[in-house]
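As structure tokens, the structure follows; a few thoughts come after it.
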Amino acid sequence: MKLCVTFLLVLVILPSVTGVKSSERTLSGAALRGDRGTCSGRGQECKHDSDCCGHLCCAGITCQFTYIPCK
């Protein structure tokens with residue numbers, strides 16, 4: 001039990017010692033910066049082709065399947 005607590009304590013303290021800001025390493029920080037880490041499926045909102053999953057393209061404001069390659 002003491003080993004587990006020590007390990008967790010090291011995980012909490014280590015980022016502050018290395019100088020890395022916690023918001024740069026967490027999903028909540030990604031949400032604050034607007035980074036999503038996931039892609040949009042068919043019919044979901046997009047701004048660029050890279051926002052869409054797989055072979056979907058951003059057609060207007062939603063991801064759609066197209067027979068021609070994305071731009």
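Backbone N, Cα and C define each Cβ position, glycine as well.
The signal peptide annotation in Swiss-Prot covers 1-19.
Under the heading disulfide bond, Swiss-Prot lists Cys39-Cys53 (among others), citing similarity to another entry as support. Cys39 (disulfide bond) falls within neither a helix nor a strand when secondary structure is assigned with DSSP, and so counts as coil.
Classification of Cys58 (disulfide bond) by DSSP places it within a strand. Residues or ranges marked as disulfide bond by Swiss-Prot: Cys46-Cys58 (among others).
The disulfide bond annotation in Swiss-Prot covers Cys52-Cys63 (among others) and rests on similarity to another entry. Contacts of Cys63 (disulfide bond) defined by a Cβ separation under 8 A and a same-chain sequence distance of 6+ are given as Ser40, Gly41, Arg42, Gly43, Gln44, Glu45, Cys46, Asp51, Cys52, Cys53, Leu56, Cys57, in order along the sequence. Under the DSSP three-state reduction, Cys63 (disulfide bond) is assigned to strand.
Taken from Swiss-Prot, the feature disulfide bond covers Cys57-Cys70 (among others).
Here the CA atom of Cys70 (disulfide bond) lies 15 Å from the CA atom of Cys39 (disulfide bond).
Cys70 (disulfide bond) and Cys58 (disulfide bond) are 8 Å apart (CA-CA, integer value).
Annotation note: Cys52 (disulfide bond) sits in a strand segment as assigned by DSSP.
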